[in-house]
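These come from Swiss-Prot:
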type	residues	note
ACT_SITE	LYS166	active site, proton acceptor
ACT_SITE	HIS285	active site, proton acceptor
BINDING	ASN114, THR164, LYS168, ARG286, HIS318, SER370	substrate binding site
BINDING	LYS192, ASP194, GLU195	Mg(2+) binding site
MOD_RES	LYS5	N6,N6,N6-trimethyllysine
MOD_RES	LYS192	N6-carboxylysine
SITE	LYS325	site 'Transition state stabilizer'
Amino acid sequence: SVGFKAGVKDYKLTYYTPDYQTLDTDILAAFRVTPQPGVPPEEAGAAVAAESSTGTWTTVWTDGLTSLDRYKGRCYHIEPVAGEENQYIVYVAYPLDLFEEGSVTNMFTSIVGNVFGFKALRALRLEDLRIPPAYIKTFQGPPHGIQVERDKLNKYGRPLLGCTIKPKLGLSAKNYGRAVYECLRGGLDFTKDDENVNSQPFMRWRDRFLFCAEAIFKAQAETGEIKGHYLNATAGTCEEMIKRAVFARELGVPIVMHDYLTGGFTANTSLAHYCRDNGLLLHIHRAMHAVIDRQKNHGMHFRVLAKALRMSGGDHIHAGTVVGKLEGERDITLGFVDLLRDDYLEKDRSRGIYFNQFWVSMPGVLPVASGGIHVWHMPALTEIFGDDSVLQFGGGTLGHPWGNAPGAVANRVALEACVQARNEGYDLARDGNDIIRETCQ
């Protein structure tokens with residue numbers, strides 16, 4: 001006789017456990033599941049739990065050599081999505097033992113690495129994760145965080161101002177440095193390499209770093225303020241990336257930059273550790289995020305990528321602008337902005353927050369509002385994002401008809417006016433345009 005009956009097994013027999021009581025140490029996931037026609041939601045949810053943890057399509061002999069009850073993922077709750085046909089929110093609990101300590105790479109490889117191509121599912125989206133404090137404590141997190149950054153820069157009580165240098169490609173290193181100097185001298189706190197500025201034939205990284213450092217120190221001497229330029233250290237290998245970060249540190253600049261999705265979480269975590277050890281701030285760009293998060297029923301919501309970045313490490317991350325979007329999108333965006341900044345966040349489905357999240361004092365990340373914004377958006381941005389943010393105007397600075405420095409002056413004056421008006425009790429949503437007009441006189 002044989003020990004078990006071979007053949008295809010229903011996942012729900014093992015992995016659908018609606019009576020399961022989640023543990024404080026479990027990683028919890030909320031998936032938006034669209035099953036194939038004829039596949040019950042319980043089977044689809046159990047399949048997700050199985051294929052992202054211990055399961056395969058049949059019973060295997062080696063199942064008897066371990067404790068599946070200890071290590072398996074469990075689909076513990078399913079709810080239909082209101083207003084959507086054949087879509088369900090499936091909740092899965094994963095035992096903490098399944099994950100390597102301090103590795104976002106391993107966490108994602110387990111939870112989303114294989115299951116998204118599963119035949120029983122028409123579409124699958126990871127909406128949110130609850131990361132338990134026991135796992136968070138295995139990560140360094142951001143190199144410095146919001147308060148330490150403010151102390152390093154000696155800038156308090158207002159959002160920070162930035163500018164992406166344009167045109168993003170084609171400038172020589174010296175002309176690039178000139179634009180950096182003009183913007184910083186005009187009143188900005190930071191300027192920025194674009195995400196695809198690495199080390200191309202028209203401007204090699206070392207030349208850019210040297211001219212930008214010169215611009216930073218000249219602007220600091222003239223304004224009496226601490227300035228920075230996000231020097232993009234992203235490279236083709238981790239070794240080259242660290243080499244660029246080392247050179248930035250040797251120049252004495254305050255901040256470097258990384259494209260964390262195209263560069264990868266392993267590289268990003270290595271760079272974040274280097275930055276903390278060597279006193280560098282780390283700006284994070286989310287290039288490639290829309291490939292993952294744009295579809296509403298498949299992929300991964302950006303709030304998951306934002307949580308992962310806080311664990312992997314970064315002091316700033318691009319987070320959208322909200323301005324001009326629908327109210328619902330505003331609430332969703334502010335939901336993950338607060339996930340980046342706050343120490344504890346309550347579950348709030350209206351803001352897209354599926355679980356309570358406690359960060360056990362891990363430093364926060366400054367959200368960066370960037371993309372298509374200009375001086376007339378300043379009142380709304382100041383009101384929506386508050387002081388702990390970076391407002392980044394590329395064309396909104398360099399597009400000023402009088403030049404780069406006047407563009408920077410306009411942004412700084414508008415920001416100072418909006419902050420002062422807010423502190424004096426004005427309603428920025430109602431009076432914002434009048435405040436900007438009066439400031440322009």
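Cβ coordinates are placed from backbone N, Cα and C, and glycine is handled just like the others.
Quick caveat, the model's predicted, so the values are computed rather than measured.
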Message: Please give the substrate site's span as the largest CA-CA distance among ASN114, THR164, LYS168, ARG286, HIS318, SER370, to the nearest whole angstrom.
response: 37
Task: Spatially speaking, which of the recorded positions LYS166, LYS192, HIS285 is closest to ASN114 (substrate binding site)? Use C-alpha to C-alpha, please.
output: HIS285
Query: What three-state secondary structure does DSSP assign to LYS168 (substrate binding site)?
result: coil
- line: Least crowded of the binding-site residues ASN114, THR164, SER370, counting other Cβ atoms within 10 Å of each Cβ, is ASN114
Query: In sequence order, what residues of the same chain, 6+ apart, have a Cβ less than 8 Å from the Cβ of ARG286 (substrate binding site)?
result: ASP259, TYR260, LEU261, PHE302, LEU305, LEU309, ILE317, HIS318
Query: Do you know offhand how many angstrom separate THR164 (substrate binding site) and HIS285 (active site, proton acceptor) by C-alpha?
result: 12
Task: List nothing but the one residue from LYS166, HIS285, HIS318 whose Cβ has the fewest other Cβ atoms within 10 Å; the candidates are the recorded positions.
output: LYS166
Message: Between C-alpha atoms, which of these recorded positions comes nearest to ASP194 (Mg(2+) binding site): LYS166, LYS168, HIS285, SER370?
response: LYS168
Query: In Å, rounded, how far does the Cα of GLU195 (Mg(2+) binding site) sit from the Cα of LYS168 (substrate binding site)?
result: 9
